[in-house]
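Chemist: Have a look at the structure that comes next, please.
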Amino acid sequence: MQKNIYVLYGGPSTEHEVSITSARTLINNLSKEKYNVNAIFVRRNKKFIMKENITEEIKSDEELILDTDLSVIESVSECIRKINPENTVIFPAIHGSYGEDGTIQGFIKVLDLPFVGCNVLGSALCMDKGYTNDIFELNKIPQAKYVVLCKNDDYNLKEIFEKTSKAVYVKPCNAGSSVGVMRAETEEELEKAIQNAFQYDRRILVEEEIIGPELQIAVMGNDNPVASRPGVYQIHDVEFFDYDAKYNDSKTEMLTPFPMDEKLELKARHLAEKVYKLMSLSGFSRVDMFVKDNELWVNEINTVPGLTPHSMFPVLWKCTNDMSVSEVFDNLIGLAVEEYKKNKAYKLER
């Protein structure tokens, strides 16, 4: 019997377009023999539109941009009515706010359906980089020195540099794909970067610059997660790995696996698994960390990592254990069902 898969994508975040590309990769690599594949597009205005029973290849992102005249509530209700609750798994591919902050996960839990990826708590904790760093600090996870600022805080630029380093990165706490990130070495640059980051979020993070390769490690699993071999994006002619370098720069190269000392690689993989469990994650995530002088610093966790042709997550499993993209997605769907059944087994009454 075919499973009904509903790929949920789009959303109101700054990573809307990336989500559409991830959804296309997903839809095209899900076996149409195993699955009845459906797509649910969430417009920027939060209207839901469903494309049912997809059997042909989606050749462009434009095919997945859908519209409706219904209101938000009407469109959501219409989609819920169309979802077959039997033998069904929801596959969220919404990046950034709304998709990675626990919002959509809570919505699906209300529907009492299995879904791929992290739970509400893990998603919410990892979405805010400031809170993530606070938890890392309490648990002695190695990371860059940092300062969190809120919109109406008083701050001293000189003190921020003293608490971090002579060069820093400023980023919104609740954005991904390097949206709103700027580097600063002077007080003038820092003030400009702070004001820029506050355009995207009311909480921002100022972090010490660590110069060294940024490892990306895919992690998959529920109670017993497994980390992939590390990969690195090699970038050219840009200061850091920004949005354009991630998705638009043809010169950006993937090094998978990243050549490094065998013991250090094993340490990095174990560290990725450790923070995955620490943050109460399930399904899948990507853990990013810097390596310098044989030391590791965890940077961030992406609970809905990119699944585009330029994304690291599926490629890392190919170089780790020769899994195809389709096999990765099959595994994630299986993990979703496993987690759902486990949670349903817990008592809700005394």
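Glycine residues also receive a Cβ, built from the backbone N, Cα and C atoms like all the rest.
The domain 'ATP-grasp' annotation in Swiss-Prot covers 133-334. If you look up Swiss-Prot, you'll see 161-216 marked as ATP binding site. Under the heading Mg(2+) 1 binding site, Swiss-Prot lists Asp288, Glu300, citing sequence analysis as support. Summarising the annotation, Swiss-Prot assigns Mg(2+) 2 binding site to Glu300, Asn302 and lists sequence analysis as the type of evidence.
Thinking about packing and proximity, how do these listed features fit into the structure?
Modeler: Counting every protein chain shown, 26 other Cβ atoms lie within 10 Å of the Cβ of Val168 (ATP binding site). Under the DSSP three-state reduction, Val168 (ATP binding site) is assigned to strand.
There are 19 other CB atoms within 10 A of the CB of Asp288 (Mg(2+) 1 binding site), with all protein chains counted.
Under the DSSP three-state reduction, Asn302 (Mg(2+) 2 binding site) is assigned to strand.
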Chemist: Take the Cβ of Asn196 (ATP binding site) and count every other Cβ within 10 Å, whichever protein chain it belongs to.
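Modeler: 17, counting other Cβ atoms within 10 Å of Asn196 (ATP binding site).
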Chemist: Looking only at the domain 'ATP-grasp' (133-334), report the model's average pLDDT.
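Modeler: Residues in the domain 'ATP-grasp' (133-334) carry a mean pLDDT of 92 in this prediction.
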Chemist: Round to a whole number and give the Cα-to-Cα distance in Å for the pair Glu189 (ATP binding site) and Asp288 (Mg(2+) 1 binding site).
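Modeler: Between the Cα atoms of Glu189 (ATP binding site) and Asp288 (Mg(2+) 1 binding site), the distance comes to 26 Å.
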Chemist: On a count of neighbouring CB atoms within 10 A, which of the binding-site residues Ala175, Met182, Ile210 is highest?
Modeler: Ala175
